[in-house]
Every structure is written in structure tokens, then in C-alpha cells.
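In what follows, a structure is listed as C-alpha cells, so that the remarks can point back to it.
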């Protein structure tokens, strides 16, 4: 939500429209608006709020910074989070963060805002990069950008700064609103292509309550227009693509550097025929079509065997058989800080479920689904081991209206009630798949 520009501060007292100016921000701070007497002391308190702005060097966060200044706030500090180790990228001959930091400094000079560089390389490696590598080794599909937001931008950053800020601002395309229940709710941006609620879906209520996304109601075209009108140093800079910490580094180069290469077989799942070879199952993800080097396609990756280093594929003509329509979801996080009440009811009333919308990856595509707590029968059907069955953490059974050929263990499923993002979880196991059914034939070939 964008606030209107602040009037001259000398004339703030007595302005009837100050509520419209202050309400969206005050709602995030639990401060009452109705019936408030707008005095000079209140105006001073409002505009004296301490605000931290996270700058990436891109256009979005730069416009967000100016939106904050446009509201009349003066106690603003910008931060650039340095999350990559120079030694780890020296083999590629370039540092992906140097250009970003240069733009961030130029934007802050123009805006007259202090920029502080906060080194979080070790925290990022321990909490995000290590997680991504561990998931790849297990044959899963990691979601590092989701953990970057949860563990670094709104985790390690909060822990590292000595000062207490009233609000933390970023250039994310999403919106946070305080509801009548006293909780802060996360909503999609109106631009479905740019909406980033998927990447914010694993945040806690405590984290969400501190956030302000000034671009939440804007279209990307509007942001570009603002950048032009402000003559920002990075106004012509292209949007970043891919994983946040890689910059210009190609994902396969990153994986190869840490996990190396190991020849393995590409096998047709339907009959066990070996069709080709690959350089390591960790380079491939379920649903992948390109980069397989196979003729007579198209071919899709439908499964992986991490123990035998086998990548299973199916031809387009057989791909319907590889679609998964239901899965088990674990490591659940709810934006409200607690599970929805109806979710607990779904276990006590067999067959009870809730219809929601679902995103399996960043982008505009939404799917219809039904969810309920998974019982022991569903967990056994999914092939979970005895140790997993005794794990007390709740798991969801998610049933989709349509199948998805790219449903991969490790990736995140994000749940929506209308346009509100209510939480997310990690896909643990897809249902109704004949896992590794031809592994023995290949191993013994």
C-alpha cells in the first residue's frame, strides 16, 4: 500500500486527513487510529518512527526507499546485506555483489540516506547454502529464496542490528494488513506475475508484523515509471533472475563447484531402458524437460534415485501417468502463528477437508486443492518409514484438482485463502507414484 505524500510538517496539526496518511503504517504498530486526537506531539511521534530499508541495488527496493521518504519519515537507515563469500566465487572470476552494492550506494547518495553494509556471509552459508546443498544431495528440490527471507533478511538481520526499528521496508511485491483479529495478514500483490508472496510464505507472525512493503499495491510498470521520474541511478537496470545469492553465476556452475560430477544413467521409467547418461542427479529436478541430451523427445524427468544416481524420465506420450495429484506436506508454517482451527477439526472428523488455492512455484499459476491433516493410513500409503510415522509433527494431505508433472520432494507448497497467503510447507512425498520400480533392472544391466 502506498501512502499519500506527507503535507508540510508545520501544518500537520489539525489536518482532518492525517488519519488517511497514518493509518496503514500505524496498523502495523498496533496503534489506534479511530478517535485519536491529532496533536503536534502525535505528529512528531508518527514521523519520528525508526525505519530500516533493505536495499538490493535493484529498482524495486530503491523505489521503496523513496516511497518511505515521500511519507515524511526522516529517521531512515538503509542496509545492504552482504551474503556471499568472495573466496567462494573467485573461481568464476567475478563477485556478484559488487555491482549491486555500487548501485545501492548511488541510490542512497541521491536520497540523502545513510547506507550500512551488514556482512551476513557466514549466516547465509550456514542457514541457506548448506541447506540447499544438503537437499540436492538427497535428491530433493530446495527452495533457497524462501529460507533466505525467513532465516536471513527477516531472521539474521533482525538478530544482527543493535537498534530496534519500528518497521522494516523492502521492495517485495506483497502486502501486509492488520486484521480485526489483531493479527497481521499477508496478501498477494495485484500484479500476479511479480507477486512474491510465495517467497514470504514461511515467515512467522512476529516477522510479518514488522514489515512494510510500499510496492504492495503497485504494478511493475508503475514502479518503472517512478524510477524514471526520480531519475534513479539504476532506473534502466534489469530485474534480477534466479536464486537471490547467485547473481550472474549460473546455477549449474554453483552446483558443480560444491557437488562435483558423477556419471549416472538416464532411464525410461516405463520399461527400465537406459536412454543416456548424466553428470549427477543433483543437476536435475522433477518436471525438467531441457538439458537431458536425449533424442526422439520431448522427455521429462519424473523421478530420481539418489542412492544409485539414476534419473528416471518419461516421454510426453506417457507423461499423464507420471502426474501426481496428491502429496504429503511437512514443516508447516502458518502466517497467523498457529494452525487454522478447521485444520484440527479435519482429523477428528474423517473426510473433512478445506478447499484452498495452491502455488507450487513462484509465478501466476494457482491450483485448486483440498487439504486436511494426514492420518497414519495416508502416511503409510505415501511410503513413509517407521521413524517418520512416529514423528509427532503434523503433516498435511494435499489433493489437487489437476495433476502436476513437476511435483518434487523438497519444494514448497504455498496455501491461499482467496488472495491471502496463509502459510506453507515442504513437500515430503508425492502420492501414487511407482518409485524406482525399474532400479534393479538398471543396476544389474
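Placement of Cβ uses the backbone N, Cα and C atoms for every residue, glycine included.
Annotated features in TrEMBL:
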type: BINDING; residues: 54, 55, 56, 57, 58, 59, 60, 61, 81, 171; note: ATP binding site
type: ACT_SITE; residues: 148; note: active site, nucleophile
type: SITE; residues: 172; note: site 'Interaction with tRNA'
type: ACT_SITE; residues: 244; note: active site, cysteine persulfide intermediate
type: DOMAIN; residues: 253-315; note: domain 'tRNA-specific 2-thiouridylase MnmA-like central'
type: DOMAIN; residues: 395-427; note: domain 'tRNA-specific 2-thiouridylase MnmA-like C-terminal'
type: SITE; residues: 411; note: site 'Interaction with tRNA'
Which residues in the same chain, at least 6 apart in sequence, have a Cβ under 8 Å from the Cβ of residue 411 (site 'Interaction with tRNA')?
140, 141, 142, 143, 360, 361, 426, 427
Using the alpha carbons only, what distance in Å do you get between residue 56 (ATP binding site) and residue 148 (active site, nucleophile) once rounded?
13
Show me the subset of 58, 60, 81, 148 whose Cα is within 10 Å of residue 172 (site 'Interaction with tRNA'); these are the recorded positions I mean.
60
Over the domain 'tRNA-specific 2-thiouridylase MnmA-like C-terminal' (395-427), what does the predicted model average in pLDDT?
93
Counting only residues 6+ away in sequence within the same chain, which have a CB under 8 Å from the CB of residue 60 (ATP binding site)?
171, 172, 173, 215, 223, 239
Cα-Cα, residue 148 (active site, nucleophile) versus residue 81 (ATP binding site), nearest Å, comes out at 11
In DSSP terms, the domain 'tRNA-specific 2-thiouridylase MnmA-like central' (253-315) comprises 10 helix, 23 strand, 30 coil
Reduced to three states, what secondary structure does DSSP give residue 60 (ATP binding site)?
helix
Name, in the order they occur in the sequence, the residues of the same chain whose CB lies under 8 A from the CB of residue 58 (ATP binding site) and which sit 6 or more residues away.
100, 103, 171, 234, 237, 239, 240
If you count the other CB atoms within 10 A of the CB of residue 54 (ATP binding site), including all protein chains displayed, you should get 21
DSSP, reduced to three states, assigns residue 148 (active site, nucleophile) to helix
Please give the greatest C-alpha separation between any two of the ATP-binding residues 54, 55, 56, 57, 58, 59, 60, 61, 81, 171, in angstrom, as a whole number.
16
